[in-house]
Amino acid sequence: MTEPTAEMIQETKLYKSWGLSDQEFQTISNDILGRLPNYTETGLFSVMWGEHCSYKNSKNVLRKFSNKSERVLAGPGEDAGIIDIGDNQAIVFKAESHNHPSAVEPYQGAATGVGGIIRDIFSMGATPIALLNSLKFGELDDSHTRYLAEEIVSGIGGYGNCIGIPTVGGEIAFQSRYKKNPIVNVMCVGLIDHDDVKYGKATGKDNLIVYVGAKTGRDGIHGATFASDEFTDSKSTQRSAVQVGDPFMEKLLMDACIELVHEHSDWIMGIQDMGAAGLVSSTAEMASKASSGLILELDNVPQRETEMTPYEIMLSESQERMVLCIKPEYEQNITDFFTDKMLDAVVVGKVTTDGQYKIYQRGKMVCNIPISGLVDESPEYKRISVKPDRIADSKEQFRPEIKSLEDVWLKILRQPTIASKEYFYKTYDSQIKANTVVQPGSDAAVVRIRDTKKAIAMTNDGNSRMVYVDPFIGGQMAVIEAASNLVAAGAIPIGITDCLNYGNPEKPEIFWEFEKSVSGMAMAGKKLNIPVVSGNVSLYNEFNETAIYPSPMIGMTGLVEDIDNVITQGFKNSGDLIYLIGETRNEFNGSEIQQLQLNDVKGSLSKINVDQIKDRFELILDIINNKLINSCHDLSEGGLAVALSEATFENKLGFKCEVNMPKEYLFSETPARFVVSVSKDNQRKFEDIIGNNGAKIGVVTDDNRMNIKTIGAEATIELSVAMSIWKEAISCLMKKN
Amino acid sequence: MKFAVIVFPGSNCDKDLYFAIKDGIHADVEMIDYRSKSLDAFDAVLIPGGFSYGDYLRSGAIAAHAPIIETIKRMSALGKPIMGICNGFQILTEIGLLPGALIRNRQNRFICETVDLKVKNNQTIFTNEYEFDQTLSLPVAHGEGNYYCDISTLKQINDNNQIIFRYASDINGSIDNIAGIINKAGNVLGMMPHPERALEEMLGSDDGLKLFQSILKSHMNRVNL
Amino acid sequence: MGLVKVYVTYKESILDPQGEAIKSAIHGMGHTSINDVRMGKYFELNVDNNVSDIDSEINLICDDLLANPNMETYRYEILEDAE
């Protein structure tokens, strides 16, 4: 096949099918090149100017986030953000979405998502210590959804288990809007010494560009533009963009890169992983960061298939590949080093000073464009923003209807979003590396740092129902909820990475959701002093024109200074006193009970006093660090009734409580509340510290019962009944045929 | 006493085992590349868990052809202690140092959880610090941990007291709930659970520690004889 | 009853990590004349003889379940009266 000429591309508007607009094509031709781009060049622009690489629709909104704190060593713009944790150590973390690939080929889509995020971490020189994920599926009564859930979870486990990084936590939610467009967000956390940090830079004239890892095939070409496109039933041709992950290859690559950074740091100037948009995105960004130029020789690129065109080689998204920039005198050392690790490393280019991106194949120049034009001069759009009709202005709250409290309580425990996710997370190796102190199932996962007293707490959270009913407050709640998870474990929140999953931003209502929810998250992050250091945007999450709920995912990390203070959510001793910290209000819009009773969520959310919540977090950390409490659990979906139930399951201890509120309030979802248990010996000291911020509501019992009295009602549930309902709900649904 | 931890491409519990020896029982330990030809300097060989060669084809099948395997077989013939955990157990069955095979879990899914198992033979160099029938709480993490052997082999290993650990309940379909077996000579142990992940209360259990202590003590007793 | 044998493999253009790893193990054993290894799945389906359009039925099963057309291809043989 011969490639169309530049003139043909212009005439037939081929660029449009690759996602470039007429205006963008004109800018490239007239302002950047001063001529028409050829086939390869058009391809490079279309992928680099796609939303996935350029953030052209989102970057003006993303500027709302604060990425500064006294701990931030590197923020957005690198492969991952870096946060200081003292003692010359830092953590490196990032989250990424792989929604579209997972919809098409769930196992491989999810697996390669994990592979990609791990590369982002070790490409900075860090050792990955933990993985988390946030998954959103349709309802499990649908067989295709069950298939997607099973395969996505097994893809995540398959990759993470094989490479040997513990998958320690995350969230899973279910809602029919995700039926054909599941959300697959994965996060990786790495550990590094300050001196070992490597950036993805191609710097210094005549330094060499080295390609390491798997060979390049035609897989995933235009995966990056594909990620910026909506799904419809008819678009099956797009579906060739599937890549297969090879966790074994990645394990070799990871170990080699980490060893290289530790032992031979002087050989290399920069490392970058080849992720979305493969060779072009990685090399062009490396050059852009150093204001360098590059020459690439495509004949040297290891190829799995024959007759690949420059376009295909540059845009291939074959997995498990890295790019290094090295000093020429170490070329032999580098190739020998990688050969010993069973990996191919070949020189594919060199750094120049002219700022041009020059690519050759079989002696012929196939691309000559300014790197700044490709990377830095991508367009930026301020999309039109219109408030959707569904957004309610009235302050009216949904009123739950509760005839039998026991009945509603058990129904709530059976809801898949509430029920135990053990069926899924038991398939992840959460203990490998022997550092996991708090395993999946508690508020936050905690991983210790060997040879120190420190530990890192982490969580993935984002209640999209709340964001859907009120993007601004829902956005605030996402940050507050994640922070509450960490605080409940005894950690100080120190950083955020996000995955922002939305529908088509060209629709004004969708853009409004995006803008408002980011504002909410940014505002809460700033007030709580938790910087956003990395992230990812996934737009066009729609199927047949119906968008998903606006679904920002907050990946948050926290620092535990003394691992002896780590606390879990479960009650520990019969006789301990139970306290509820934080006021419970008449707040049911967007709640689990509203979903249960209306099969829908709606209404507005009440304003949140973030400053007051910040003080509450400090109070909780204070009582934890003074060793005054034995358990701490933050309240989220399902409210107090669910939080109390979950606190009983860990050690099979019951409770007897009495609250001064109507029975409906047991299911209120007022944010940033905590249930804690205190031994009687500490009661005095504890009450002195909390003052009127909390109230004693009951006592932990060993009679295998949950008993609660409200104003005008009382309920008693056998622990074994509640527990089996909560534990078995999801596996029962998954085993249906 | 000096331990070798064999590192195959794709091994991923190698460092955990290394720390178990170094920090758990404070003995000498070194990581040994799968291409090494000699293990003369070592008193015991540990084959770690993980996914050697990605577990491609069959778990342990490709590792069974690595250069160091011949050396491991020689060490076994000399009566040196050899222990394979998880993928290490799979490799030991693939190379014939232990009978049987590990097949796909009956539920056809990977399982990671902490389970109870019973010590069924404490008269071995690996288990002498435990009580007979003692219940241990150890993590498992495997997709192919379902122990299988034919009836005559099962009778043999039963008769020879080669079944060392049994799960307290059926977790993966293993025949007779077998979690770990030893060879007839008593110097090669394979087990699916991970004792190296259970050395500290903080991580949920320290029941694995005595296994490593047993190996160390047996060695000291032998040396002092 | 008829027997249908179905073979599923990755498409030519899709990376086969298992095949690659097995190939290098074969090379390691000294069999360097083996140039390429592709690994696949094999199924045996026992089918009633009275099915009217067996081909379209098998194709449907393969497309929807046994293979993912996004990355895999399949072929099958029908052996009649396999009893």
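Glycine is no exception: its Cβ is also placed from the backbone N, Cα and C atoms.
Any TrEMBL annotation is an automated prediction that lacks curation.
Annotation source TrEMBL lists active site at A:His52. In the three-state DSSP classification, A:His52 (active site) falls within a helix.
Classification of A:His98 (active site, proton acceptor) by DSSP places it in coil, neither helical nor stranded. Annotation comment: TrEMBL describes A:His98 as active site, proton acceptor.
Under the heading ATP binding site, TrEMBL lists A:Tyr55, A:Lys94, A:Asp498, A:Gly535.
The feature Mg(2+) 1 binding site is assigned by TrEMBL to A:Glu96, A:Asn536. Less than 8 angstroms from the CB of A:Glu96 (Mg(2+) 1 binding site) sit A:Gly113, A:Gly116, A:Ile117, A:Asp120, A:Asn185, A:Val186, A:Met187, A:Cys499, A:Asn536, each of them six or more residues away in the same chain.
What TrEMBL records for A:Ser97, A:His98, A:Asn99, A:His100, A:Arg119, A:Gln243, A:Glu317, A:Ser318, A:Gln319, A:Ser538 is substrate binding site. Listed in sequence order, A:Gly109, A:Ala110, A:Thr112, A:Gly113, A:Gly116, A:Val184, A:Asn185, A:Val186 are the same-chain residues six or more apart from A:His98 (active site, proton acceptor) with CB atoms under 8 A from its CB.
Annotation for A:Asp273 (Mg(2+) 2 binding site): same-chain Cβ neighbours under 8 Å, separated by at least 6 residues, are A:Asp79, A:Gly116, A:Arg119, A:Asp120, A:Ser123, A:Ser282, A:Arg321, A:Met322, A:Val323. A:Asp273 (Mg(2+) 2 binding site) falls within a strand segment according to DSSP. The Mg(2+) 2 binding site annotation in TrEMBL covers A:Asp120, A:Asp273.
Annotation source TrEMBL lists domain 'Phosphoribosylformylglycinamidine synthase linker' at A:9-56.
Residues annotated as domain 'PurM-like N-terminal' in TrEMBL: A:77-192 (among others).
As annotated by TrEMBL, domain 'PurM-like C-terminal' applies to A:207-359 (among others).
Regional average pLDDT for the domain 'PurM-like N-terminal' (A:441-560) in the model is 96. Here TrEMBL flags A:441-560 (among others) as domain 'PurM-like N-terminal'.
The domain 'PurM-like C-terminal' annotation in TrEMBL covers A:574-708 (among others). DSSP places the residues of the domain 'PurM-like C-terminal' (A:574-708) in helix, strand and coil in these numbers: 53 helix, 35 strand, 47 coil.
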ATP binding residues A:Tyr55, A:Lys94, A:Asp498, A:Gly535: largest Cα-Cα distance, in Å and rounded to whole number: 16
DSSP residue counts for the domain 'PurM-like N-terminal' (A:77-192), split into helix, strand and coil: 47 helix, 45 strand, 24 coil
Spatial separation of A:Tyr55 (ATP binding site) from A:Glu317 (substrate binding site) - C-alpha basis, Å: 19
Integer Å distance between the CA atoms belonging to A:Ser97 (substrate binding site) and A:Asp498 (ATP binding site): 9
Alpha-carbon distance [A:Asn99 (substrate binding site); A:Tyr55 (ATP binding site)] in Å: 17
Summary of DSSP states over the domain 'PurM-like N-terminal' (A:441-560), given as helix, strand and coil counts: 45 helix, 43 strand, 32 coil
Near-site residues: ATP, ref A:Tyr55, A:Lys94, A:Asp498, A:Gly535, CB cutoff 8 A to centroid: A:Leu62, A:Pro76, A:Ala95, A:Glu96, A:Thr497, A:Cys499, A:Leu500, A:Val532, A:Ser534, A:Asn536, A:Val537
Cα-to-Cα gap, A:Ser97 (substrate binding site) vs A:Gly535 (ATP binding site), nearest whole Å: 9
Secondary structure at A:Gln319 (substrate binding site), reduced by DSSP to three states: coil
Pairwise CA distance, A:Gly535 (ATP binding site) versus A:His52 (active site), rounded so that it is a whole Å: 12
